[in-house]
């Protein structure tokens, strides 16, 4: 690992942000996880390299030191001379020296119980798209997603013999390994126990002591009638499994509505467009419209209806969530003018236009006459 570039191991640039480093790390761990590469020694080594690289780059102080000194910053190249000059013999562990000198000041004597205890699983989010009809009636969907599942072999304990543990032989229970160069001491998370300070004596061969493993899960989700765009359904305990018996997270199903050919949604109301001819708009009448259920409804058009006028059908809109009521159906009227006319139709339109104009002129003259008459009085 000493010959490898930590940035190259994670596949990030030297100017990468912490978020970019974290995303790269998670992607690589998932790719080379032992569950996905059973018996692959190369994958095991890659995981070790990835963990070591991430342990350094995720810590800004370690990263800065590494950027300046490279791997020499974490080697004992000058440690031997330093120890000899101060009377230390080869039988003394550098970990003990570090703790004796800096333990209380730097918090080296830390408890590893927290690191090794149960850890809750993360909450998960799943996006699902529904048709407007599915949202109106409600629907049951089967969703599929990758997540951490409780290991059946060890029932989530991580151990085959009731989670019995022993102190980590590498870090001697501290959870960290230490090295020195000259007068400087460096501390890294122990790669054997990953900072826990303890190792499982008889780890589960399926989950490698984690109590969980990554796999694809299929889940039946019941979506109630009346959900809207952006609605979020919480499924308690259906998220990521906890580590070593920790609490399972929750799953949040987020709703997206597929655009409908006829209706648009505004709250609990459904809006649609209706084309009528100019004579129906002028004279009034009755037309047929179709609601979201496919039912045919009679809609009255008042005489003198104008373009873009809105007509309401109460209770024919969207199902209201957790209720037996529905919103309204709002019909937007579009008056269509004929592009071509027959000879008789044209004559009728000319006659109508003349009468309307005469009525308008008469109305205007009548108003003028009334004005002067009232003024002279």
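Numbers run from 1 along the shown chain.
Note: Cβ is positioned from N, Cα and C throughout, glycine not excepted.
Quick caveat, the model's predicted, so the values are computed rather than measured.
Annotated domain 'J' per TrEMBL: 5-70, in sequence order. Annotated zinc finger per TrEMBL: 138-216, in sequence order. For 138-216, the entry in TrEMBL reads domain 'CR-type'. Residues annotated as Zn(2+) 1 binding site in TrEMBL: 151, 154, 204, 207. Among the features that TrEMBL reports, repeat 'CXXCXGXG motif' is placed at 151-158, 168-175, 190-197, 204-211. Annotated Zn(2+) 2 binding site per TrEMBL: 168, 171, 190, 193, in sequence order.
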I need the CA-to-CA distance for residue 204 (Zn(2+) 1 binding site) versus residue 168 (Zn(2+) 2 binding site), whole Å please.
17
Which whole-number value in Å describes the distance between the Cα atoms of residue 168 (Zn(2+) 2 binding site) and residue 154 (Zn(2+) 1 binding site)?
21
Other residues near the Zn(2+) 1 site, CB within 8 A of the CB centroid of 151, 154, 204, 207?
152, 153, 155, 156, 157, 158, 159, 160, 203, 205, 206, 208, 209, 210, 211, 212, 213
Just to be sure I understand the packing, how many Cβ atoms besides its own are within 10 Å of the Cβ of residue 204 (Zn(2+) 1 binding site)?
24
Which residues, sitting 6 or more apart from residue 154 (Zn(2+) 1 binding site) on the same chain, put a CB under 8 Å from its CB?
160, 204, 206, 207, 211
Rounded distance in angstrom between the Cα atoms of residue 171 (Zn(2+) 2 binding site) and residue 151 (Zn(2+) 1 binding site):
28
DSSP helix, strand and coil counts for the domain 'CR-type' (138-216)?
0 helix, 37 strand, 42 coil
Rounded to a whole angstrom, what is the C-alpha distance between residue 151 (Zn(2+) 1 binding site) and residue 190 (Zn(2+) 2 binding site)?
25
With helix taken as DSSP H, G or I, strand as E or B and everything else coil, how many residues of the domain 'J' (5-70) land in each class?
48 helix, 0 strand, 18 coil
Other Cβ atoms within 10 Å is the metric here; tell me which of the binding-site residues 190, 207 scores highest.
207
What number of additional C-beta atoms lies within 10 angstroms of the C-beta atom of residue 193 (Zn(2+) 2 binding site)?
25
Please work out the number of neighbouring Cβ atoms within 10 Å of the Cβ of residue 168 (Zn(2+) 2 binding site), leaving out its own Cβ.
22
